[in-house]
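Right, one structure below, let's go through it.
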């Protein structure tokens, strides 16, 4: 009876290990990083994928009225 339980436990642990890790940088942190970088006002924040990396896509209107899009790495918080 313990053999099926052990197999089930092993399968569950393997499945959990394969799940993607939660992002270290949340939506609010990404918005704040883009705002600091631009000095403007955040219009929107969306989750996206850039070259296989998870990023936050932050749309900002600058003080000059230009609309810019910043990519914030969801793991490191680096603004691109």
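Each Cβ is built from the backbone N, Cα and C atoms, and glycine gets one as well.
Database features (TrEMBL):
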DOMAIN    25-79  domain 'PepSY'
SIGNAL    1-23  signal peptide
### Query
Taking the domain 'PepSY' (25-79) alone, what is its mean pLDDT?
96
### Task
Helix, strand, coil: count each for the residues of the domain 'PepSY' (25-79), based on DSSP.
12 helix, 27 strand, 16 coil
